[in-house]
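Participant: What follows is a structure written as structure tokens; I'll ask about it next.
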Amino acid sequence: MYYLSNEPAAHSSPGNTAPREVHSSTLELKTVSINPDDTYTVQQAINAFGFGWFHVKLSLLVGLCWMSDSMEMAILSILGPALFCEWNVTKFQQASVTTVVFLGMMLSSSFWTQLSNRYGRKSALTLFGVLLVLYSILSSVAPSYAWLLTLRGLVGFAIGCVPQSVTLYAEFLPTKHKGKCVVLMDCFWALGACFEVVLALVVYPYYGWRGLLALSATPLLIFTILSPWLSESARYYSYNGHNDKAIKVLEQIAHNNKRHMLMGRLMADDEPSSSESFRSLLSPSLYRTTILLWFLWLASAFCYYGLVLVTTEMLVARNKESHPNECVTFMTADFMDLLWITLSEFPGILLTIKVVKLFGKKKTIVLQYLVLVLCTLVLMSVESRFSTSVTLFIARGTISGIFQAIYVYTPEIYPAALRSVGVSGCSVLARLGAMLTPFVAQVLMDSSRVQAMSTYAIVGLLASIACFFLPRETVGYH
């Protein structure tokens, strides 16, 4: 999961104020809005246009990226047990397949950022779509474990571009709608996870993990086909001195949203230096906050992806007990249980919003982590199918809510100039947590359920303590 910042990812370009040529048709006051200062920035124009049909279409396109990211993560939990029956791989090798995806994401982050800054968000996302579809299809025909491991690493490399869709989305959003759109993107994430389970329910019994890998690229294939209709960021054009192109994009937004285009000179938004900002995260006034947030994000990813993997490990372990002489992975009943457990993300997100409005984000996160710890303790000894599913349902919904809250909470902790780089730093730590968790959820879980679940309980408890010591409380979604 990635964060949609409450602040736009702006760029500075001093003096970039090329005057707009005014045609006779634009002199009619009923078709334009006049800015009293005779100048406006991209963000001011977007705020004036509001949230409309343009943003609905953009939300659906960006939502396909989030769905694809979520589906690629969800399939990792199904892949491990299937590979054991296919190639008799060890638990450590199964965990490595998961870890290499997040390693690819971490290593490619800088590459995709530089590519999108140089050639545009749209160009980077189009390339990402092509590569992810290609690598997913190639993964489905991998002849050996080594080939699959390599190709899944390349899948992770491609997925590292997904944050650029968030950047593009944020640069088109009116300021007052940014917090609400975080919720919308989280719903697309949950929808992707559920869609993957439904796809597995239909495809896996007939075509196995190979067919599932190939068909899981469907949302990204749709996105890639539709990418020519994706608008490039007006802020990107403005930053690079292409004010004429930026104005055309803004005119498109105004037309789609049925609003008036602003009249005046377009000026660039300002952005702080990234190198100075990153050093500022560890300044004497912020280093304690930064370290606490880094641990909180690491713990959240560690617990979220850990629960995703633990769920399938428990389901498969139950099947092995019922069929001791067979190599059994998933049955229809298992996919149904997995679907209901995955659906918990929707009430988890929505309930978090309600609780945050009452108690604030900080108290909500602390409370949710305590609930998560309780669930992990119950999972140490619970045996029945119903009790296991109910406990996992609560735990999965809780950790999804935690992610929802920290996405909105984190940028509010930092000064406005540091919000973007602050969230980026937290994202890196989240990927580190995701890289570590397979060795607990798959390797340690295979030898001792108590030790594995105790690890998650301890991490969850430490995360609740870390959140308690964060500097201030905020109430509501902003």
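Along the chain as shown, residues are numbered 1 onward.
For all residues, glycine too, the Cβ spot is worked out from N, Cα and C.
Curation plays no part in TrEMBL annotations; they are all automatic predictions.
Pulled these features from TrEMBL for this protein:
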type	residues	note
DOMAIN	58-475	domain 'Major facilitator superfamily (MFS) profile'
REGION	1-21	region 'Disordered'
TRANSMEM	95-113	transmembrane segment
TRANSMEM	125-147	transmembrane segment
TRANSMEM	182-206	transmembrane segment
TRANSMEM	212-230	transmembrane segment
TRANSMEM	291-310	transmembrane segment
TRANSMEM	365-382	transmembrane segment
TRANSMEM	388-409	transmembrane segment
TRANSMEM	421-441	transmembrane segment
TRANSMEM	453-471	transmembrane segment
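Mind mapping these onto the model and telling me what they sit next to?
Facilitator: Panel annotation: around the transmembrane segment (182-206), residues 1, 3-4, 59, 62-64, 66-71, 73-75, 78, 166, 169, 212, 215-216, 219, 330, 332, 335-336, 338-339, 342-343, 345-346, 349, 353, 400, 403-404, 407-408, 477 of the same chain, lying at least six beyond its termini, place a Cβ under 8 Å from a Cβ of the stretch.
Long-range contacts of the transmembrane segment (212-230) within the same chain, counting only residues at least 6 positions beyond its ends with a Cβ under 8 Å from a Cβ of the stretch, are 58, 61, 64-65, 67-68, 71-72, 75, 78-79, 122, 125-126, 129-130, 132-133, 136-137, 139-140, 168, 192, 195-196, 199-200, 203-204.
A Cβ distance under 8 Å defines the sequence-distant neighbours of the transmembrane segment (291-310), meaning residues of its chain 6+ beyond its ends; these are 1, 73-74, 76-77, 80, 98, 365, 372, 379, 392, 395-396, 399-400, 402-403, 406, 410, 413, 422, 425-427, 429-434, 436-438, 440-442, 445, 452-453, 456, 459-460, 462-463, 466-467, 469-470.
Only residues 6 or more beyond the boundaries of the transmembrane segment (365-382), in the same chain, are considered here, and those with a CB under 8 A from a CB of the stretch are 296, 303, 310, 314, 352, 355, 359, 388, 391-392, 394-395, 398-399, 401-402, 405-406, 409, 449-450, 453-454, 456-457, 460-461, 463-464, 467-468.
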Participant: Any idea what the model's mean pLDDT is for the domain 'Major facilitator superfamily (MFS) profile' (58-475)?
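Facilitator: Within the domain 'Major facilitator superfamily (MFS) profile' (58-475), the model's average pLDDT equals 88.
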Participant: Which residues, given as numbers and ranges, are at least 6 beyond the ends of the transmembrane segment (95-113) yet have a Cβ under 8 Å from it?
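Facilitator: Apart from its flanks, the transmembrane segment (95-113) reaches 72-73, 76, 79-80, 83, 124, 128, 148-149, 152-161, 163-164, 305, 309, 427-428, 431-432, 434-436, 438-439, 441-443.
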